[in-house]
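Novice: So that we are looking at the same thing, I have put the structure below in structure tokens.
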Amino acid sequence: MKGSAAVELAEATRAPSAGINRGISILDLILRIVALVCTLGSAIAMGTTNETLPFFTQFIRFRAEYNDLPTFTFFVAANAVVSGYLLLSLPISIFHIMRSGAQNSRILLIILDTSMLALLTAGASASAAIVYLAHNGNAKANWLSICQQFNSFCERISGSLIGSFGAVTVFILLILLSGMALSRR
Amino acid sequence: MRSGSGGHSTAIDVPEADGRSASSKGKLAPGMVAAAPLPSPAGWAKGVAIFDLIFRICAMVAALGAAAAMGTSQESLPFFTQFFQFQAQYDDIPTFQFFVVSMAIVAGYLLLSLPFSIVCIVRPRASGPRFLLLILDLIALTLATGAGGAAAAIVYLAHNGNANTNWLAICQQFGNFCQRISGAVVGSFLAVALLAMIVVLSGIALRGV
């Protein structure tokens, strides 16, 4: 009798902690889906840029698309890789909801999430630098701003950065949640 | 000596003659194999925390070196005309200003986080400071990666230019300046790699606590 009462007490104190762990895992899944939508949107928004000005001369180019600038190609590739990774990590996240005590798979997720965070941030910040140049140019290096002529292209590339930087914030929250779940197992 | 099994006990009597009883206490009876002691979770977290401290010092040196290399980059060409600029410094490009400031912030943060890291070594079971360090390390990682990525994009442009937007490569004239800024970007990516490993180590240490 005494033994079963002690076991029940131990289980009662463990139940709230398991409930919080489950809540953390559900939040992890929701954030992963949000980040997936953000990165996919960014990749598509940048990848479908194409603007042609209605006049032309023999020597000057009047067409802008994302692969004219290698940095934007890197941006589209990085966002595509990260959204593919997020899609593949959804089953692991669902597994964590069912088994809140899993530790090794959470460490695997932390390692992969950190790598994807670094890749995504590098792509987003490199594109931000080029977008800044496109808007403002640089007088000292004689680099002219191209946004004067290509308005719609400029708006598109600036908007696609928003989704990417939002996904960066979500990734930071994801890693923090994994760390929190690990420390209260 | 007795082995502690349930049913029968095998007692082996070790003769304690000639006054060597004190030394024979520590010896095993023949037939018993010494089991190597497994590392306790606290000791293993301590090893992880020591690696964390070493990586932190290396990352601080890398970040400080990158900021210094970019901040002191300046080159003047020995000729001039009335209209053109023939001096290049990091100030000329706002992205590089952002780079210097960010890497300086990251290096300063890493310096200030050394005491917290030492606390984590001394008290391997404390998860409070470890969690605080995880949050701040993530922010530092994002800031350093952002600065490094943006500067890398500009350095790529400086080396190669872009024919589609009529942006000319400036490395043709400013060779020394270009080498300096490329080296600074490499240093910042080294700091990024070390910071990523620090974040993963914090996660592993949180598991063992």
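Even glycines carry a Cβ here, placed using N, Cα and C.
Okay, these came from TrEMBL:
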type	residues	note
REGION	B:1-25	region 'Disordered'
DOMAIN	B:46-194	domain 'Casparian strip membrane protein'
TRANSMEM	B:53-73	transmembrane segment
TRANSMEM	B:93-119	transmembrane segment
TRANSMEM	B:131-158	transmembrane segment
TRANSMEM	B:184-206	transmembrane segment
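Structural setting of the listed features?
Specialist: Packing against the transmembrane segment (B:93-119) from elsewhere in the chain are residues 49, 52-53, 56-57, 59-60, 63-64, 66-67, 70-71, 126, 129, 132-133, 136-137, 140, 143-144, 146-148, 150-151, 153-154, 181, 184, 188, 191, 195: each is 6 or more residues past its ends and has a CB under 8 Å from a CB in it.
Tertiary neighbourhood of the transmembrane segment (B:131-158): same-chain residues 63, 66, 70, 93, 95-96, 98-99, 102-103, 105-106, 109-110, 113, 116-117, 120, 167, 169-171, 178, 181-182, 184-185, 188-189, 191-192, 195-196, 198-199, 202-203, 206, selected by CB-CB distance under 8 Å and a gap of 6+ residues from either end.
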Novice: Cβ under 8 Å to the transmembrane segment (B:184-206), counting only same-chain residues 6 or more beyond its ends: which ones?
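Specialist: Distal contacts: 45, 48-49, 51-52, 55-56, 58-59, 62-63, 65-67, 69-70, 73, 99, 103, 106, 120, 124, 127, 130-131, 133-134, 137-138, 140-141, 144-145, 147-148, 151-152, 155.
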Novice: Residue counts in helix (H, G, I), strand (E, B) and coil for the domain 'Casparian strip membrane protein' (B:46-194), per DSSP?
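Specialist: Output for the domain 'Casparian strip membrane protein' (B:46-194) reads 110 helix, 8 strand, 31 coil.
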